[in-house]
There are 4 protein chains.
Amino acid sequence: MLKIGPYEFSSRLLLGTGKYPNFDVQKEAVDVSETEVLTFSVRRMNIFEPNQPNFLEKLEVENYTLLPNTAGAKTAEEAVRTAKLAKASGLCDMVKVEVIGDQKTLLPDPIETLKASEELLKEGFIVLPYTSDDVLLAKRLEEIGCHAIMPGASPIGSGQGIVNPLNLEFIIENANVPVIVDAGIGSPSDAATAMELGADGVLLNTAVSGAKDPVKMAKAMKLAIEGGRLGYKAGRIPKKRYATASSPTEGMSIG
Amino acid sequence: MLKIGPYEFSSRLLLGTGKYPNFDVQKEAVDVSETEVLTFSVRRMNIFEPNQPNFLEKLEVENYTLLPNTAGAKTAEEAVRTAKLAKASGLCDMVKVEVIGDQKTLLPDPIETLKASEELLKEGFIVLPYTSDDVLLAKRLEEIGCHAIMPGASPIGSGQGIVNPLNLEFIIENANVPVIVDAGIGSPSDAATAMELGADGVLLNTAVSGAKDPVKMAKAMKLAIEGGRLGYKAGRIPKKRYATASSPTEGMSIG
Amino acid sequence: MLKIGPYEFSSRLLLGTGKYPNFDVQKEAVDVSETEVLTFSVRRMNIFEPNQPNFLEKLEVENYTLLPNTAGAKTAEEAVRTAKLAKASGLCDMVKVEVIGDQKTLLPDPIETLKASEELLKEGFIVLPYTSDDVLLAKRLEEIGCHAIMPGASPIGSGQGIVNPLNLEFIIENANVPVIVDAGIGSPSDAATAMELGADGVLLNTAVSGAKDPVKMAKAMKLAIEGGRLGYKAGRIPKKRYATASSPTEGMSIG
Amino acid sequence: MLKIGPYEFSSRLLLGTGKYPNFDVQKEAVDVSETEVLTFSVRRMNIFEPNQPNFLEKLEVENYTLLPNTAGAKTAEEAVRTAKLAKASGLCDMVKVEVIGDQKTLLPDPIETLKASEELLKEGFIVLPYTSDDVLLAKRLEEIGCHAIMPGASPIGSGQGIVNPLNLEFIIENANVPVIVDAGIGSPSDAATAMELGADGVLLNTAVSGAKDPVKMAKAMKLAIEGGRLGYKAGRIPKKRYATASSPTEGMSIG
């Protein structure tokens, strides 16, 4: 079970809802992914304008734990304000803190992320910050009380996968709260790798919604995350420079 | 479906039978892997000495397609002789040609592998050669009639995974017969990667039998191979240097 | 020329002085490296106890620009105090801010590093912070006035080389002050790679002092850094998936 | 010294002569590279038509050892014929055997390469085969008497660098003749890496001739190859997972 704050989830896949070709594909992808946590930008919620088209139209929202993010925020102040709007809607008390420091790389601003997280923790939120893979920043975020840490694998939507497995491993080794690898995952093997490094979960969006067949990819990700997790639990063989026969032939009778 | 010669398989995992802690674990791992093809060294068969302990003791062999290998052979001649022994047993007409040229790396000898494959094809075998990832050698093996090509990912039992994805991709692009990635796989993500490169299957042994919990790892591999295959079919997003927002916020009403 | 604050250097190699087998090897390695900047821990200076053995014994210190570091500091306060001690010695006005957040990885604490840098800038130091490869933190360090940014390639003394070339490239693209890759370099090719990514310099210690032959390695590093820099300036060929003939043979008369 | 057959070279860089912007740049690049071995396609020689433009026009050919290659050959027979033409010119007795099996990847055909090498050895040539990084094929080429082995780093002209360092290391470990890494090198750090793996030399063409500034790149490659070689000799530090302080601070008096 993945436990984040008061919540428990069987699935270790957190799925984004943006950029699907249409609502039917979105719904079907979410279904086959078996995710229990949906993430989306607060800015896309039609909280106060119920007559706007609902971007989660066909999803039965009450079946999921909602994890709104503060995408679009460039400062702690903006992120806090955005998070409060989401909570005011009554839909959620969890928030993914996302404070972007650079529009080209969409990498997070460490100082503002820390500040926003501190503030939102004070306000009683369940706080999951999207952060770089800076090992000490991740530790600091845990120390101030964040309920999970979400280091990026590579830039959002880049599909580059895990550029720095070493830092992820260090973050995971040091952590006493769940580590969810967020951003940059491109393929099922990337997701499996994250789990094999010991991550507690993976958050995906573009890798699924931007695939040629998002529904197939949602299923693929589900399987890969389960496989990666199970592989982590199973205890892999060590890497060796040279070979080891899998069919020892000593003492055999023929040849 | 994976088609090799006259055979069709739903599972794309070919599993080795060597080096399990005991027969119960071996049987359970094979079961949960849902493999349909078992591979083992001919030298370990007790073909002519039925009173010897049977290394597949608890497996109901008739439920699987057997793929004996010629492990231990250093020349084409030895490999051919070994393959014929296996066929004489009446248990199989498929063979994995394995002619090792170096005892430290257990890498295959290209010339002897080609020669043995030619000879066994003439004898009517279904021939699957274990080969290096030499792109032109793989092509040549296909041209002489091999029913599948089995390039290594890295040295047997090394768990290094796919050292040269480029050559595997070239082999797969060029091939009109199945390409089964064989040797060197260490983790579920390695297996998923092989499938995402377009491989038709993966052959494993040590990664499963040498894991701390072989049964769990067998299941993990099954999931990862399915996930990787599905991911390949689903059409992954391209890799990009910079980021792409997953939650476009233009034209939104709040913030 | 490498320009840091008021200084100009022909050499792009900054060399550490710790852990050489003896003072003769230290001196010879420094000589052949042709470095113009020596770095060392303030804590090893015998500033106030001139009768202590001098760890730079055989070096003519006046021929170098000295870059003391604050190794051993765990907080901004400690780093500031250490830096002031160094300056009080009258030997230097430049300082490498090093605030370590974790004794196992020796990775820098981003918040304390930022704080110490701010303070030391106010005090009029030439400030070069050792930082993680967090892209936005590097930007922030530049914005507060740091004279160069020193992102780590991998953990200090680990010899792992550049684990995350992407972040280094982003830092370099964004920077208007010199970027010196610091920590983790293990081999000449690592140093060359840093320069090819566009780094303005490389800071080394263990890779040289810990080599079997530190003097040879010092020379190797000098050559590799010059080669890497020149390669960066020369404009490398793009990477391509497929081949391109280097000897086009169309229209030739024989064969 | 690099010894190939009867020849000895101070430089470990073998340089191709194809595709330079013009003869002046070609000459200058060759000069600053300090190479002693020039390679070129026999098909571009104007052996029998002295009135044709000479593609080495401005080079004083007598100052170099010439290493013509059999580029354009698709079979052993063509390669042998091409090599004999070169020798008949009286300019050289060394030949780079290049038998390409695939026009997209320009990867070598192992069987035809082996056959051509055998034949040319019988004819008394100094034979340097361009080969894949198949470890056992490289061994076989040495066993038949080849004077050096030239495994590719990646496809010709691709600039991908060393895709499979493991196989290169295995080839080098096994070899008693020089191993020259040939094809695919893109940057100085690639060349340095080859030397650090223990290669005896590097053969380049496109990486230099195709650079924006070929003369600068020729110099860069020279430096990187020297740096890489020296680094190999110097004995690099081992890679470690965690950090090691370069400035031990125990027992120090301040802080």
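The backbone N, Cα and C atoms fix where each Cβ goes, glycine too.
What TrEMBL annotates here:
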ACT_SITE  B:Lys96  active site, schiff-base intermediate with DXP
BINDING   B:Gly157, B:Ala183, B:Gly184, B:Asn205, B:Thr206  1-deoxy-D-xylulose 5-phosphate binding site
DOMAIN    B:4-248  domain 'Thiazole synthase ThiG'
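On the structure: features taken from TrEMBL.
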residue: B:Lys96; record: active site, schiff-base intermediate with DXP; CB count, 10 Å: 29
residue: B:Gly157; record: 1-deoxy-D-xylulose 5-phosphate binding site; CB count, 10 Å: 25
residue: B:Ala183; record: 1-deoxy-D-xylulose 5-phosphate binding site; CB count, 10 Å: 29
residue: B:Gly184; record: 1-deoxy-D-xylulose 5-phosphate binding site; CB count, 10 Å: 26
residue: B:Asn205; record: 1-deoxy-D-xylulose 5-phosphate binding site; CB count, 10 Å: 25
residue: B:Thr206; record: 1-deoxy-D-xylulose 5-phosphate binding site; CB count, 10 Å: 25
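Listed recorded positions (B:Lys96, B:Gly157, B:Thr206) with a CB under 8 Å from any chain A CB: B:Gly157, B:Thr206.
Take B:Gly157, B:Ala183, B:Gly184, B:Asn205, B:Thr206, the residues named in the record as contacts for 1-deoxy-D-xylulose 5-phosphate: the widest Cα to Cα gap among them comes to 9 Å.
Mapped onto three states, the DSSP output places B:Gly184 (1-deoxy-D-xylulose 5-phosphate binding site) in coil.
DSSP gives B:Lys96 (active site, schiff-base intermediate with DXP) a strand state. B:Ala183 (1-deoxy-D-xylulose 5-phosphate binding site) sits 12 Å from B:Lys96 (active site, schiff-base intermediate with DXP), counting Cα to Cα. A distance of 17 Å separates the Cα atom of B:Gly157 (1-deoxy-D-xylulose 5-phosphate binding site) from that of B:Lys96 (active site, schiff-base intermediate with DXP).
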